[in-house]
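Trainee: Starting off with a structure, shown below.
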Amino acid sequence: MQKLKQQVFDANMDLPRYGLVTFTWGNVSAIDRERGLVVIKPSGVAYETMKVDDMVVVDMDGKVVEGRYRPSSDTATHLALYQRYPSLGGVVHTHSTHATAWAQAGMAIPALGTTHADYFFGDIPCTRALSEEEVQGEYELNTGKVIIETLGEVEPLHTPGIVVYQHGPFAWGKDAHDAVHNAVVMEEVARMAWIARGINPALNPIDDYLMNKHFMRKHGPNAYYGQK
């Protein structure tokens with residue numbers, strides 16, 4: 001588990017490095033599928049003082065099996081996503097400014113250009129509002145459930161992120177590093193969409209043929225972007 005703890009620590013430290021978090025407003029996790037264990041950031045521990053050994057290991061029921069701190073308060077959301085989507089290896093939650101602004105506005109982040117299409121196949125969806133009962137009950141678990149409800153049958157690695165209504169963004173990937181990479185991209189395309197819509201409020205979404213080309217050349221069965 002030490003290698004996975006190091007990966008999760010490094011991914012968490014990338015959040016302030018890329019300007020995605022203020023204070024302790026974020027968390028990254030990763031899963032060991034063979035052992036059924038998840039490594040996640042401890043709750044409320046400052047990035048400036050956090051160490052590798054502060055990472056918390058939990059089982060799939062959220063029980064701490066290793067670590068001296070309580071795990072992130074969002075642990076149940078992470079676990080719900082891992083349980084539903086076997087392809088996920090890492091999950092990240094932040095309150096990055098522009099992605100959170102779309103969440104607070106209750107709007108999907110529109111696919112307006114090729115930067116977006118290189119990573120997200122279509123709009124980045126926004127969930128519905130959680131009911132009072134869902135918030136007063138198992139809030140973090142219900143946050144995971146509403147993400148799953150919103151994604152439906154979408155392949156999660158084709159839409160590697162979402163904004164939770166009035167809350168903020170969650171992103172995921174093949175591992176913790178990939179999840180953070182997608183969170184960084186989500187924040188950038190959220191900012192670009194805000195600027196573009198400000199310049200031209202009547203702007204149309206990216207054409208399907210252009211979106212398909214950009215996404216598939218990086219992620220499709222015959223992808224040719226980058227080096228093998």
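Yeah, the Cβs are placed from backbone N, Cα and C, and that goes for glycine too.
As listed in Swiss-Prot for this protein:
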- ASP118: active site, proton donor/acceptor (ACT_SITE)
- TYR225: active site, proton donor/acceptor (ACT_SITE)
- GLY26, ASN27, SER43, GLY44, SER72, SER73: substrate binding site (BINDING)
- ASP74, HIS93, HIS95, HIS167: Zn(2+) binding site (BINDING)
Trainee: Rounded to the nearest Å, what's the C-alpha distance separating HIS95 (Zn(2+) binding site) and ASP118 (active site, proton donor/acceptor)? Just drop the number here, would you?
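Mentor: Cα-Cα distance, HIS95 (Zn(2+) binding site) to ASP118 (active site, proton donor/acceptor): 23 Å.
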Trainee: If I take the alpha carbons of SER43 (substrate binding site) and ASP74 (Zn(2+) binding site), what is the distance between them in whole Å?
Mentor: 9
Trainee: Ranking the binding-site residues ASN27, SER73 by other Cβ atoms within 10 Å, which is at the bottom?
Mentor: SER73
Trainee: Among HIS93, HIS95, HIS167, all listed as binding-site residues, which has the most CB atoms within 10 Å of its CB?
Mentor: HIS93
Trainee: What's the number of neighbouring CB atoms sitting within 10 A of the CB on ASP118 (active site, proton donor/acceptor)?
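Mentor: There are 16 such Cβ atoms around ASP118 (active site, proton donor/acceptor).
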Trainee: Would you please pick out, from the binding-site residues GLY26, GLY44, the one with the fewest other Cβ atoms within 10 Å of its Cβ?
Mentor: GLY44
Trainee: Pick out which of the recorded positions SER72, ASP74, TYR225 has the most other Cβ atoms within 10 Å of its own Cβ.
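Mentor: Answer by Cβ density within 10 Å: SER72.
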Trainee: What is the number of other Cβ atoms found within 10 Å of the Cβ of SER43 (substrate binding site)?
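Mentor: Within a 10 Å radius of the Cβ of SER43 (substrate binding site) lie 15 other Cβ atoms.
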Trainee: Tell me, by DSSP, whether GLY44 (substrate binding site) is helix, strand or coil?
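Mentor: Its secondary structure by DSSP: coil.
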Trainee: Checking your reading of the structure: which of the recorded positions GLY44, ASP118, TYR225 lie inside a 10 Å Cα sphere centred on HIS93 (Zn(2+) binding site)?
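Mentor: None, since no candidate lies within 10 Å.
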Trainee: For the recorded Zn(2+) site formed by ASP74, HIS93, HIS95, HIS167, which further same-chain residues have Cβ atoms within 8 Å of the site's Cβ center?
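Mentor: Output for this site, in sequence order: TRP25, GLY26, ASN27, THR77, THR94, VAL164, GLY168, PRO169, PHE170.
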Trainee: Note the Cβ centroid of GLY26, ASN27, SER43, GLY44, SER72, SER73, the recorded substrate site, then list each other residue of that chain whose Cβ lies within 8 Å of it, in sequence.
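Mentor: Counting only non-site residues, the set is THR24, ILE40, LYS41, PRO42, VAL45, PRO71, ASP74.
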